There are 2 protein chains.
Amino acid sequence: MSVTTPAGFEAAGVAVGLKSTGARDVAVVVNRGPLKVGAAVFTSNRAKANPILWSEQVVKDGVVEAVVLNSGGANCFTGSFGFQTTHQTAERAAELLGVGAGDVVVCSTGLIGTGDEAFRAKVLDGVDKGVASLSTEGGEDASLAIMTTDSRPKRAAHAGAGWSIGGMAKGAGMLAPGLATMLVVLTTDVVLDAGEADAALRAATRTSFDRLDSDGCMSTNDQVTLMVSGASGIRVDADEFATALAGVCDDLAAQLQGDAEGASHDITIRVTNAATEDDAVEVGRSVARNNLFKAAIFGNDPNWGRVLAAIGTTDAAFDPYDVDVWMNGVRVCTAGGPDRPREDVDLTPRATDLVIDLRVGEATATIRTNDLTHDYVHENSAYSS
Amino acid sequence: MSVTTPAGFEAAGVAVGLKSTGARDVAVVVNRGPLKVGAAVFTSNRAKANPILWSEQVVKDGVVEAVVLNSGGANCFTGSFGFQTTHQTAERAAELLGVGAGDVVVCSTGLIGTGDEAFRAKVLDGVDKGVASLSTEGGEDASLAIMTTDSRPKRAAHAGAGWSIGGMAKGAGMLAPGLATMLVVLTTDVVLDAGEADAALRAATRTSFDRLDSDGCMSTNDQVTLMVSGASGIRVDADEFATALAGVCDDLAAQLQGDAEGASHDITIRVTNAATEDDAVEVGRSVARNNLFKAAIFGNDPNWGRVLAAIGTTDAAFDPYDVDVWMNGVRVCTAGGPDRPREDVDLTPRATDLVIDLRVGEATATIRTNDLTHDYVHENSAYSS
């Protein structure tokens with residue numbers, strides 16, 4: 001269950017010293033075809049890392065031959081030297097693979113401002129070793145090589161009738177809208193053209209990674225890349241493929257949420273009966289980014305007042321005095337006042353279910369987030385990322 | 001140095017059992033005139049507490065006779081019973097003072113959803129005792145009565161030539177834009193009409209309380225009230241008064257920042273050379289709300305990459321690759337790359353100075369915030385507010 005689950009893909013994960021621990025730190029994923037279709041979505045942050053600036057150009061023609069990913073340095077705000085590093089990474093991989101450099105996507109993750117000559121030498125070494133180690137069994141190694149503060153690798157797959165989708169992800173903090181410090185590679189052996197791949201990828205990320213908002217912070221390096229080999233020779237109904245791809249993305253998003261830095265609760269915020277889906281997303285996100293609410297959940301305190309205070313900052317259509325709030329199945333607030341007592345709510349499980357019923361329409365959205373904990377503060381004050 | 005510093009004001013702070021500690025918990029501030037001019041600004045949160053709903057109506061005619069404030073309960077989302085409590089509070093004070101209830105502002109702070117019969121009885125008892133204790137020396141007691149998690153009272157004053165301004169504030173968390181869990185009462189004995197008072201108050205809060213963004217969370221109960229007695233008989237130049245009032249507000253805002261829940265750094269974010277003041281505020285606020293940056297400062301880590309990642313999420317006019325970032329006097333980032341080494345930055349002092357030079361225009365704004373600490377998480381997970 002990895003990026004090498006679908007036919008037509010090879011991958012590798014190697015160690016070249018970017019991580020001080022000696023763990024794997026460069027991954028290569030190659031599409032052996034026959035199709036070389038690719039699509040990608042990127043961070044919406046205007047502060048873009050060099051690999052983003054490069055890869056945005058690569059995917060424009062809908063062709064992606066390979067993805068090179070490194071941990072141990074974000075290569076962001078490292079000047080023209082840093083951009084040249086990304087360029088050389090793609091050129092080295094292209095030369096070894098016998099493809100064009102303009103079809104090689106590059107992804108980096110780590111500390112912003114890191115990308116000196118030693119970094120470049122190690123990444124290029126990683127390309128050499130990675131290409132030399134490529135294998136149809138290499139998906140698991142690749143998923144290990146992209147980990148940073150992740151406590152475990154994230155992999156997912158979908159098995160269709162004679163076709164499949166595989167995926168890997170990394171990310172344990174800065175999970176936010178418009179994607180966020182996540183690197184994701186998705187592979188499939190179905191037959192798709194570039195337009196279909198792009199549409200399916202955008203639809204799948206919109207309701208999964210885009211709605212994972214661990215701490216409201218948006219990264220400079222996020223990228224989700226889909227590569228299509230067509231090696232199964234099977235054309236799949238567009239809706240069926242879109243649903244399957246969304247399922248794989250949702251699975252990976254849940255794994256990212258479950259491994260968010262320092263979190264002790266995985267909070268699912270379901271906003272129901274909104275006037276529009278955009279309203280539902282805005283309301284859910286306002287709660288996902290409310291430090292006071294998130295600290296209360298860490299303290300197992302069903303503090304619904306902080307939910308109302310958060311959603312009151314939005315422009316969504318609703319009457320603050322006609323909203324129902326449910327926590328773990330208990331309605332704690334209705335019609336602008338308290339309902340069942342706080343003591344009825346058991347917040348000890350890690351999985352936390354918050355429902356906000358806006359009572360104005362029929363639209364719904366789900367936002368995933370985490371609580372705000374001592375460990376979150378510790379990890380993000382002690383670890384430079 | 002308090003709300004009773006200017007001539008024409010009396011105040012009191014009494015204990016009626018709203019606080020379990022037995023500390024003072026109801027404050028009354030009365031304007032003895034001859035003018036009874038008042039102005040106020042309120043939270044921009046759509047989820048408004050009952051005292052906000054009431055007081056918004058009170059100040060519409062520019063007349064305020066008195067302000068009653070209680071800690072120990074926000075009286076927010078407490079239904080129609082809660083609104084009646086606020087109404088009865090104003091009526092009781094009005095009856096005892098011989099004024100109209102429609103000229104009595106009410107402010108509450110504490111846990112949302114708290115406002116039962118016992119709460120009402122205590123607040124009304126507080127009005128009785130408060131009015132009975134009114135004195136021209138009562139400003140300090142009043143400032144004690146409005147404290148919640150504040151570790152110390154906040155008071156400020158400005159002495160003009162024969163006139164003065166006094167003020168008190170409470171607030172130690174949820175300090176955010178459009179004001180935030182703060183209750184502030186300002187008094188002055190200059191001669192002003194209602195329009196002048198309103199204009200001066202809005203101008204003063206816009207650059208002080210509105211730019212204090214401790215944790216990005218906006219309260220349901222915030223209110224800043226200015227009362228004008230005219231007792232000095234002196235008319236002051238509008239600019240001179242506006243500057244003096246802004247100075248008192250800035251002093252109180254700095255005290256609120258310095259006492260923010262659990263903070264170990266007071267961070268002053270100065271955005272310079274922006275295209276517009278709005279751009280400067282947006283950029284500053286994006287950093288003030290970035291948990292990763294705030295956790296880094298707690299860890300004394302001059303992580304400028306997180307500053308760039310934060311400002312990259314804004315729509316302000318600037319080129320992310322042509323921005324300078326200074327921390328405590330050291331330029332750590334210039335032109336999209338690292339400048340002086342991180343080791344040169346000393347972040348051990350509590351006062352932290354961040355300068356973001358956007359290099360596109362001439363506008364400037366300063367946003368105050370705090371770091372994200374273990375104590376913040378502890379206080380907000382263990383204390384229901």
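Quick reminder: no glycine exception, Cβ is built from N, Cα and C everywhere.
Note that this is a predicted model, so its numbers are computed, not measured.
For B:T148, B:K170, B:T181, B:E261, B:N380, B:S385, the entry in TrEMBL reads substrate binding site. Residues or ranges marked as active site, nucleophile by TrEMBL: B:T181.
Projection of TrEMBL feature records onto the structure.
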residue: B:T148; record: substrate binding site; CB count, 10 Å: 21
residue: B:K170; record: substrate binding site; CB count, 10 Å: 27
residue: B:E261; record: substrate binding site; CB count, 10 Å: 27
residue: B:N380; record: substrate binding site; CB count, 10 Å: 29
Quiz item: So which of these binding-site residues, B:T148, B:K170, B:E261, B:N380, get their C-beta under 8 angstroms from chain A?
Solution: B:N380
Exercise. Using DSSP reduced to three states, classify B:N380 (substrate binding site) as helix, strand or coil.
Key: helix
Quiz item: Secondary structure at B:E261 (substrate binding site) (DSSP, helix/strand/coil)?
Solution: coil
Exercise. Could you find out if DSSP has B:K170 (substrate binding site) as helix, strand or coil?
Key: strand
